[in-house]
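Read the structure below first, then the notes.
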């Protein structure tokens, strides 16, 4: 493995040198996302006080380049706006929340490490997007790279489900030693929901390609869209399917006439409701993981109301500040023994919260949850404005739609999973948010054309007047 990592690092260096010379920080940030998805800690890491992996090294290098460019005067720090203040606020509050709680057992991830990798690093992606000058070529480059990543993840997920493991790379994806979600399209993130969220980002790009491209290229993008949809299906995850449907609906909502949107919504409700009622048992008892039975799949749904009750009881004790970020298992034990509910709360003891908003509420209280919701709502409002305003360029409108699609997938999966602790999910979310805020405030950078200076005309005036 070490030999392969060295070869990968040397090959990557050949590509990174010209990229670093261009000093396009948005390009490097996109590479951080791709590297973290494909070659994150599960691929290679060096354990120590702080776990080191390839993507984290590249993240540090990205910030070094940003600092150098800022020192040279190439980058300017924008005036903080309300989104910036909320992002800074939730980052600081979650750090305080992680530090103020009780000590955690040795077999659990330290809260500070969880804050560093799942909060601070994603916020760093937001900061880089905010201070970078954005060109249309930067956006196109990022979109195409993410589209290629999504197609790769989709094909890999199809291979995972089909049993064609010989074509799956990296190999750890199908390693039976890591049995959780084995047999589903869990991808290099080893999580089907996280895998689906990244694919949904690519799905937005491919659908926009169908809408915006020429007739010949439309067929190409349509095929890519179908491949990505097949990949999302291969995750065998209900929330992932909902996320993909939401992505298609969001794009259709922006580009369809009003009457078609109303008709489509009504049809979706009728068809979806009829399908759920008719296939309810099959839907709930669907066998997904190789090592789990269909009864286990049904049990995962039954756990969610139990976890919601536990979250409610924990919230009542610490509604404002929460129990401490990353310390759920340290404090949740006694709440599973509550007998005032006629529910088997003990069954949910080994499980983390299965809802991102409840998880944040329990850990950081109303303070943390209100700031998170504020960021999501304001950025979504900005993105909707960008996407719907036909006076903007295609690149800017697409930037708004990328966020809307990313947030749709995040929300659908987050209602059934704590997506905060899924690797890379917050990295994509905050990077997309930073791009939207930057486009909303500054638009895209255009090349300055020097206008020839004209000599002012001098009119003779008679001194005799």
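Glycine is no exception: its Cβ is also placed from the backbone N, Cα and C atoms.
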Transmembrane segment per TrEMBL - which of 5-25, 26-46: 26-46
From 262-279, 280-297, 298-315, the residue range that TrEMBL assigns the feature transmembrane segment: 262-279
Per TrEMBL record, range annotated transmembrane segment [choices 403-421, 422-440]: 422-440
Considering the transmembrane segment (218-234), which listed stretch of 26-46, 83-100, 112-129, 189-211, 356-379 counts the most C-beta pairs under 8 Å: 189-211
Per Cβ pairs under 8 Å, the stretch of 26-46, 83-100, 112-129, 141-169, 356-379 packing most closely against the transmembrane segment (422-440): 112-129
Model confidence over the domain 'O-antigen ligase-related' (224-373) (mean pLDDT, whole number): 82
Non-local residues, at least 6 beyond the ends, that sit with Cβ under 8 Å of the transmembrane segment (83-100): 111-112, 114-115, 119-120, 123, 126, 130, 321-322, 324-327, 363-365, 367-368, 371-372, 374-375, 378-379, 382, 430, 433, 437
When counting Cβ pairs under 8 Å to the transmembrane segment (112-129), the leader among 26-46, 141-169, 356-379: 26-46
Contacting positions for the transmembrane segment (26-46) when only residues 6+ beyond its ends and CB under 8 Å are counted: 1, 5, 8, 12, 16, 19-20, 52-55, 58-59, 61-62, 65, 125, 128-129, 132, 134, 138-139, 141-142, 145-146, 149, 152-153, 170, 172, 187-190, 198, 423-424, 427-428, 431, 435
